[in-house]
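K.L.:
Below is one structure. I have some questions about it.
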Amino acid sequence: MAKTLAEKVWDAHVVRKGDGAGANAQPDLLFIDLHLVHEVTSPQAFEGLRLAGRPLRRPDLTIATEDHNTPTLDIDKPIADLTSRTQIQTLRNNCAEFGVRLHSLGDAEQGIVHVVGPQLGLTQPGMTVVCGDSHTSTHGAFGALAMGIGTSEVEHVMATQTLSLKPFKTMAINVEGTLRPGVTAKDIILAVIAKIGTGGGQGYVLEYRGSAIRALSMDARMTICNMSIEAGARAGMVAPDETTYAYMQGRPHAPEGADWDAAVEYWNTLKTDDDATFDVEVDLDADTLEPFVTWGTNPGQGVSLSQAVPSPEDFGDENAKAAAERALQYMGLEAGTPMKDIRVDTVFLGSCTNSRIEDLRAAADIIRGREKDPKVRMLVVPGSARVRLEAEAEGLDRVFKDFGAEWRFAGCSMCLGMNPDQLEPGERCASTSNRNFEGRQGKGGRTHLVSPVVAAATAVRGTLSSPSDLDPAPASAAIRTDAA
């Protein structure tokens with residue numbers, strides 16, 4: 001029987017088969033290969049184990065890092081916020097008690113959990129990966145079936161190394177063509193979400209396919225899979241290939257020698273069969289894609305940067321019209337305003353979507369030798385301590401500092417309002433993160449989701465801008481099209 005990539009990985013992990021479809025059907029029981037843990041969604045799960053007198057079933061398949069609440073300045077000092085400090089210390093205590101490997105603040109491998117897993121070679125093709133975080137879909141870039149789970153499910157995986165799930169439907173996102181200079185993976189996924197909506201992928205695993213996807217680097221593929229959840233999907237995947245293997249080989253937890261050869265032989269089978277059928281297929285033309293930016297308060301409210309803020313009257317559906325009216329009011333925007341006329345106060349380069357080394361390189365290439373708009377504050381937050389060290393070895397930190405940007409330590413930072421890096425009410429931010437909800441970056445903060453190169457160009461001009469808007473514009477060869 002012909003199978004999709006998602007179906008192959010799913011079937012390989014079924015411990016106990018359910019009893020079919022339907023609302024009352026029993027789910028399948030899946031084995032979980034890798035469980036990623038952080039400080040926010042794990043305390044209750046560890047406490048559940050403790051109260052039940054249960055051990056952690058597989059400490060060797062569990063890894064923790066501190067990311068959501070960690071400060072990105074003065075990391076050698078006590079954390080000022082009591083709640084954040086308590087959550088961090090609780091994670092440390094729990095990991096010590098249950099034997100979980102932990103990368104703490106100050107550790108060379110500390111960072112955002114979805115950056116740390118891949119960089120250590122823990123995330124591998126064909127795996128099932130879970131974490132108490134919705135952006136676990138990031139790891140699907142390796143051909144893994146990776147899902148965010150709730151705290152009760154976190155406890156279940158800790159206790160049993162399994163998870164009960166009903167099979168998902170499958171959706172192919174076919175992206176053919178060649179991206180133009182200044183158009184990146186972030187623009188692909190923002191365009192996908194704008195096309196199918198924030199609920200279009202509900203109940204599906206999305207598989208990203210086509211020539212434009214195959215041309216992308218692993219960092220870029222992770223950007224796309226990361227935001228699958230913003231389309232409502234449970235997971236996003238890309239079939240592994242030579243690009244995947246080149247990224248993985250030599251990483252600390254990647255197979256070696258004969259084990260590597262055997263692994264690659266298996267990984268090469270992890271592709272959708274030619275005669276397999278998806279439940280839904282969506283097509284996107286990479287040749288015509290432009291830099292994308294959100295104007296509203298959900299990731300589906302986006303347009304090409306060359307366009308204007310839409311009018312609520314442009315939406316035929318009454319619910320969409322009402323949502324647009326509320327979004328415009330919250331964002332302080334008027335319909336018809338050219339997106340490139342919108343001035344920002346802050347530019348944030350970071351998050352599990354766009355904080356990897358290629359993201360930093362791409363942004364640095366745009367700003368090198370230029371001056372920052374004096375009214376704009378720019379924060380650059382590497383996704384991990386390892387990425388930070390790599391960037392500093394390449395001199396990227398000096399490029400950002402010379403430009404006038406703040407060079408920070410690793411963490412989730414301004415992606416979400418759970419640490420000191422937050423927007424003030426009414427402050428407008430061009431952000432490389434994944435969510436632009438009301439208050440996401442701080443109470444009353446206004447967020448526009450953009451790619452790293454758009455973020456960099458915006459920091460130069462002070463208004464939402466693409467690299468081609470700069471004077472002089474960067475040479476086409478200097479703008480990466482395979483990056484995130």
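Residue numbering: from 1, along the chain as shown.
Glycine is no exception: its Cβ is also placed from the backbone N, Cα and C atoms.
Relevant sequence annotations retrieved from Swiss-Prot are reproduced here:
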type: BINDING; residues: Cys352, Cys412, Cys415; note: [4Fe-4S] cluster binding site
type: REGION; residues: 463-484; note: region 'Disordered'
type: COMPBIAS; residues: 464-478; note: compositional bias 'Low complexity'
K.L.:
Whose Cβ lies within 8 Å of the mean position of the Cβ atoms of Cys352, Cys412, Cys415, the [4Fe-4S] cluster site, other than those residues?
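P.N.:
So the additional residues around the site are Asp67, His68, Ile112, His135, Gly350, Ser351, Thr353, Ser355, Gly383, Gly411, Ser413, Leu416, Ser433, Asn434.
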K.L.:
Long-range neighbours only, meaning 6 or more apart in sequence with Cβ under 8 Å: which ones does Cys412 ([4Fe-4S] cluster binding site) have?
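P.N.:
When sequence neighbours closer than 6 are ignored, Cys412 ([4Fe-4S] cluster binding site) has Asp67, His68, Thr70, Ile112, Gly350, Ser351, Cys352, Met418, Asn419 within Cβ distance under 8 Å.
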K.L.:
Counting other Cβ atoms within 10 Å of each Cβ, which of the binding-site residues Cys352, Cys415 scores lowest?
P.N.:
Cys352
K.L.:
Kindly assign Cys412 ([4Fe-4S] cluster binding site) to one of the three DSSP-derived states: helix, strand or coil.
P.N.:
coil
